[in-house]
Amino acid sequence: MSFQLPADFRSQPTPFYYYDLALLDQTLAALTAAARPGNFQVHYALKANSNLPILQRIQQAGLGADCVSGGEVQRALEAGFAPDHVVFAGVGKSDAEINRALAADIFCFNAESVPELQVLNELAGAQGRKARVALRINPNVDAHTHAYITTGLEANKFGISLSDLAGVVEGLDSLPNVELIGLHAHIGSQITELHVFANLSRKLNELQTWLEDRGHQLPHLNVGGGLGIDYQHPDTNPIPDFGAYFGMFEQHLVRRPGQQVHVELGRAVVAQAGTLVSRVLYVKESQQTRFAILDAGMTELIRPALYGSHHHIENISSQLPALAYDVVGPICESSDTFAKAVQLAETRRGDLVAIRSAGAYGEVMSSSYNLREKAEALYR
Ligand SMILES: Cc1ncc(COP(=O)(O)O)c(C=O)c1O
Ligand SMILES: N[C@@H](CCCC[NH3+])C(=O)O
């Protein structure tokens, strides 16, 4: 089956993002069933898509919110997430962002460095509060994904490196306004080799024992997000294999009685529910290449330009036999290319093109480069 755009959207001004809320709901149902309430708590990573109608559905499905800026914390609260279901992560939290999150009494900060812990201690003290903190460690576990979205290797800027952990933990005694409640790790995104989560679990097991030996019991473990989706086959695999994902932690993570285990998924929740719909402005044929020039570009979806990512592309107006096209946008960059030599039904000016699996890290990463207007979001 190929992509179906609701008929009344075919005449909408392009480009636009179309979100299939029925698919989002099915994905959320599969996710919450696989997480088994009480077994894993899922916090949705707002960075993947922070549109209010989407967040409200995610909140109603019972998920919490994983935020990486003051803006995301505020958006999560606006969408109805309870403060004690909100986590604030990120390697560079500003004082103003920390102050607002402390005042909102969010569940926890994932802290990534000694200087950040010192600032959390100082600002929490000034508000007469304690900051609940999970230490984000850098476990030096390879996620086997694109280098730009690998986050858990020693060379990456994220987390407290294992060699620094002893010093950080000793220093906690001098931070009376910081309460250590857990450990956090996130090793990367678009992970499809699930065995890396077994490696992560083993590392967390070691660290947990090490912390317990030093008198720190942890009520909370957060194993991050990162579950990948099938960009090649959005119709045959619209919903990720959440069972296999949780199974890795069930099998390999040693949890203490009553301990909460959090995961923070973004992409796997929303990616397949979003499609970037664009119109063909021109077909330009040179001796070597046939270009389909769209009215959407890297300003609407930067993933192909930034990571060389594949998104499945369909001409949803033409039934003609397929030809090879380079599908490009109107932006003044040669990297403004969605795909090279892709087979599309013979394409004419005015045809509609669907760029699939664009619900995560699509609209949120859009820019106004070339003074482009923001594409609208339509929901059904
Ligand atoms: C700390 C953290 N948590 C969660 C996520 C969500 O990741 P994903 O969308 O791959 O599930 C990210 C992004 O990679 C992240 O950096
Ligand atoms: N923006 C990336 C994912 C980064 C995840 C955030 N750490 C993507 O489009 O695949």
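Cβ atoms are placed via backbone N, Cα and C, with glycine included.
In TrEMBL this protein carries:
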{"type": "DOMAIN", "residues": "16-359", "note": "domain 'Orn/DAP/Arg decarboxylase 2 C-terminal'"}
{"type": "DOMAIN", "residues": "39-271", "note": "domain 'Orn/DAP/Arg decarboxylase 2 N-terminal'"}
{"type": "MOD_RES", "residues": "K47", "note": "N6-(pyridoxal phosphate)lysine"}
{"type": "BINDING", "residues": "G226, E264, L265, G266, R267, Y361", "note": "pyridoxal 5'-phosphate binding site"}
{"type": "BINDING", "residues": "R267, R303, Y307, E333, Y361", "note": "substrate binding site"}
{"type": "ACT_SITE", "residues": "C332", "note": "active site, proton donor"}
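Here the features listed in TrEMBL are placed on the structure.
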residue	record	Cβ within 10 Å
K47	N6-(pyridoxal phosphate)lysine	22
G226	pyridoxal 5'-phosphate binding site	30
E264	pyridoxal 5'-phosphate binding site	27
L265	pyridoxal 5'-phosphate binding site	25
R267	pyridoxal 5'-phosphate binding site	25
R303	substrate binding site	21
Y307	substrate binding site	15
C332	active site, proton donor	9
E333	substrate binding site	14
Y361	pyridoxal 5'-phosphate binding site	24
Cβ-Cβ distance under 8 Å to G266 (pyridoxal 5'-phosphate binding site), same chain, at least six residues away: Y44, A45, L46, K47, A48, N49, D66, S189, G225, A360, Y361
Cα-Cα distance maximum in Å, computed over every pair in R267, R303, Y307, E333, Y361 that the record assigns to substrate: 27
Extent of the pyridoxal 5'-phosphate binding site in Å [max Cα distance among G226, E264, L265, G266, R267, Y361]: 15
G226, E264, L265, G266, R267, Y361 excluded, remaining Cβ within 8 Å of their centroid (pyridoxal 5'-phosphate): A45, K47, A48, S189, G225, L227, A268, V269, A360
Length of the line joining the Cα atoms of R267 (pyridoxal 5'-phosphate binding site) and R303 (substrate binding site), in Å: 13
Binding-site residues close to ligand 1 - of E264, G266, R267, Y361, only those whose C-beta is under 6 Å away: E264, G266, R267
Across the domain 'Orn/DAP/Arg decarboxylase 2 C-terminal' (16-359), average pLDDT on the 0 to 100 scale: 96
Assigned conformation of Y307 (substrate binding site) - DSSP reduced to three states: helix
Neighbourhood of ligand 2 - recorded positions from G226, E264, C332, E333, Y361 with Cβ under 6 Å: Y361
Alpha-carbon spacing, Y307 (substrate binding site) to G226 (pyridoxal 5'-phosphate binding site), which is rounded to whole Å: 16
For C332 (active site, proton donor), the one of G226, E264, R303 that lies nearest, given that the binding-site residues are compared by Cα: R303
G226 (pyridoxal 5'-phosphate binding site) and R303 (substrate binding site), Cα-Cα, nearest whole angstrom: 16
